[in-house]
Amino acid sequence: MKISAAASLTVILVAAALCTPVPASPYGSDTTPCCFAYLSLALPRAHVKEYFYTSSKCSNLAVVFVTRRNRQVCANPEKKWVQEYINYLEMS
């Protein structure tokens, strides 16, 4: 079975995005995490179970997605895919 180069590249990019998430870090004594970088690619929506916004004490506003494996991943709230995922999670 032959796989196209585009399909192979897509699989590699998705795997790389999942293997190198941008973790959320707690801010001082506050247990609410802050984000210092955003995930560059969209997560597969099926991997996301919930989300929350970072605290106003954080220097960067971010959405933190919690995956099915309980990993916290930072995302840019201005990105279209992030807004779509939030809407999807709110509706389900």
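Glycine residues also receive a Cβ, built from the backbone N, Cα and C atoms like all the rest.
The signal peptide annotation in Swiss-Prot covers 1-24. Look at Swiss-Prot and you will find Cys34-Cys58, Cys35-Cys74 tagged as disulfide bond, backed by similarity to another entry.
Around Cys34 (disulfide bond), taking its Cβ as the centre, 20 other Cβ atoms fall within 10 Å, counting all chains. In this structure, of the disulfide-bonded residues Cys35, Cys58, Cys74, the smallest number of CB atoms within 10 A of the CB marks Cys58.
For the recorded site, Cys34 (disulfide bond), the DSSP three-state label reads strand. Secondary structure from DSSP puts Cys58 (disulfide bond) in coil. DSSP classifies Cys74 (disulfide bond) as strand under the three-state reduction. For the pair Cys34 (disulfide bond) and Cys74 (disulfide bond), the Cα-Cα distance reads 9 Å.
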